[in-house]
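So that you can see what the record holds, here are the features copied from TrEMBL:
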| type | residues | note |
| --- | --- | --- |
| DOMAIN | 1-89 | domain 'C2' |
| DOMAIN | 100-240 | domain 'C2' |
| DOMAIN | 306-500 | domain 'Ras-GAP' |
| DOMAIN | 555-656 | domain 'PH' |
| REGION | 778-800 | region 'Disordered' |
């Protein structure tokens with residue numbers, strides 16, 4: 001949210017998330033507010049290098065261009081200082097001199113020349129090769145040029161490249177020469193200038209500009225390189241463009257308002273897969289370790305301050321290697337040992353409940369979408385008043401009508417849920433089956449506990465949470481408004497209650513905190529609700545196949561608005577770019593004129609031969625990719641780099657097993673009678689570049705096992721001191737077997753078998769030390785090969 005925004009009157013605001021100058025996400029518009037609450041969450045992989053993660057607050061305008069009120073920009077290197085914390089940031093003014101992105105490739109050389117009279121003169125050679133990733137100007141590729149200057153106390157020599165048209169990656173390849181020191185044959189005046197012109201004070205400055213033609217040129221960024229670093233060497237590197245030093249200095253920064261953000265940023269330097277073999281194997285055999293508390297996976301959760309930090313990579317890794325179900329069963333059994341009453345089963349935030357929660361989020365995405373999205377859309381798009389709390393009723397509200405509306409929505413959501421067991425993923429069913437039987441074993445005299453063990457997850461932690469926060473589970477694009485949020489909250493409460501097996505008896509009704517909910521649930525005293533819940537829980541906790549007869553429904557994978565180039569299938573069809581709605585399922589890839597309209601063009605998934613990026617120079621457009629199939633290539637432009645990367649990955653995953661996939665492709669387009677990449681004149685010529693490497697074949701779960709293992713290694717490294725404390729605790733327990741009278745440093749650790757735990761700890765520490773050595777060797781190798789000014793970075797980043 002934001003507060004105290006200017007101008008000091010009620011306006012309509014929205015916020016964008018930008019990688020440098022490229023917008024990657026945008027919030028909904030909050031109308032008529034000075035302190036808008038957005039309440040939106042975004043999670044994305046970062047597919048390219050960047051300098052700044054920025055957030056811009058806009059004043060929405062109907063007739064004019066939206067006005068940028070201010071921004072929060074956080075340098076990449078500083079993101080770690082804010083990760084996992086909620087912070088208020090003062091909005092900074094938006095200054096064109098500070099709005100930069102991209103990089104420039106330079107080669108610099110300092111030559112010594114002998115003049116005709118025998119004196120020595122130094123000459124600076126600046127070769128500006130190319131730029132990459134310059135920003136769009138008004139949504140279009142820019143017309144960039146560069147000025148190259150040699151700047152010192154007594155000089156400012158400037159030269160200029162040619163203007164390159166419509167490109168964000170201009171190839172300049174121009175060389176400029178500057179005299180650095182004058183020969184001794186100069187006059188006394190010249191000698192005086194040489195004395196003033198100390199080489200220690202000289203610097204090369206390269207400024208990038210967008211040629212404005214009839215309007216003012218726009219500054220795109222600059223870099224400065226001190227001449228003294230060159231000495232007599234030839235030197236080349238990529239330099240990140242920087243803002244001007246005087247950007248924002250003259251502007252006031254205390255009256256624009258502030259923005260509250262919660263950022264979680266991680267980046268991992270992932271080594272080749274063989275480096276992780278020992279750690280991966282140790283983690284994967286965790287479910288076989290007796291007791292489970294002595295396993296590497298359990299120890300990871302013990303030493304992390306926040307269990308969630310450990311759970312996310314752990315669950316993803318175990319899922320990837322099909323080891324999650326036995327591990328969840330083992331930690332759930334440990335959890336049940338400490339549960340004394342059946343009605344509190346799986347209600348805490350233990351390792352078992354966190355693992356199941358995360359598994360449901362990963363595996364159950366499509367299940368939620370096919371079950372709840374239609375009814376959630378109805379509630380959000382055609383909302384009916386549903387408030388039944390007498391305190392919150394507004395003047396003119398009719399509580400009886402509101403109760404009827406709420407009952408209608410609750411019935412509809414409940415009906416969709418209990419009919420959905422056939423769509424429940426097999427993995428979720430396997431986990432529920434284990435939990436159900438473990439609960440029945442722990443409380444053999446309670447006939448209801450086997451159902452509450454499952455309902456506490458599938459109703460309370462899955463469906464009810466998705467109903468109250470549909471935007472978090474991608475059921476809706478934005479956070480709903482206040483009235484709709486209240487309706488969803490009431491529906492969620494009702495679903496929790498209906499899903500709690502045994503909660504619909506008269507004695508249970510008296511336990512409601514709110515009297516109005518007690519009154520509402522008196523209308524639900526029907527046997528059919530409890531029977532429906534029981535049947536549903538039986539179905540989703542069964543290991544029997546639930547597949548219906550006939551052809552299964554296609555899995556909906558991704559949809560969104562992008563631009564496609566006309567394919568020229570008709571003679572009069574112009575080959576321009578048009579906005580279309582794209583939809584990808586496990587069966588076909590289609591585009592439509594508008595969302596929910598019939599498809600204009602359909603490509604069966606089995607017919608897709610390759611999905612690859614398209615060079616920008618093909619159409620002078622960024623974020624383009626191509627879908628190769630039986631006909632002409634389909635050229636598509638995404639709205640930003642994150643979206644392009646996500647579409648390419650989704651299409652590659654679903655087509656990986658196609659038998660006729662290509663090995664080679666053309667990275668550029670076929671235009672004006674030849675391929676721009678290899679200049680071949682026959683359109684059917686085999687591709688000139690090898691297709692990208694295979695990606696995981698699972699169309700519903702995107703997991704990089706090596707990256708998750710690297711994250712776990714990082715967590716062990718960060719918590720090395722706790723590993724040592726746990727090791728000491730095991731040693732103390734092994735030596736002293738008597739009762740513990742006072743709380744000690746290790747009283748929060750679960751140590752069932754000190755010898756087995758100690759043995760696992762030694763393995764973990766040994767593996768971590770070896771991985772530390774591998775990382776250090778890699779960093780030394782990288783630093784020795786990197787040159788001053790180079791920013792090439794092999795780490796992988798993600799942000800939420």
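Quick reminder: no glycine exception, Cβ is built from N, Cα and C everywhere.
Taken residue by residue, the domain 'C2' (1-89) breaks down under DSSP into 7 helix, 45 strand, 37 coil. For the domain 'C2' (100-240), the predicted model reports an average pLDDT of 81. For the domain 'C2' (100-240), the DSSP counts in helix, strand and coil order read 15 helix, 75 strand, 51 coil.
Residue counts of the domain 'PH' (555-656) by helix, strand and coil are 21 helix, 43 strand, 38 coil (DSSP-based).
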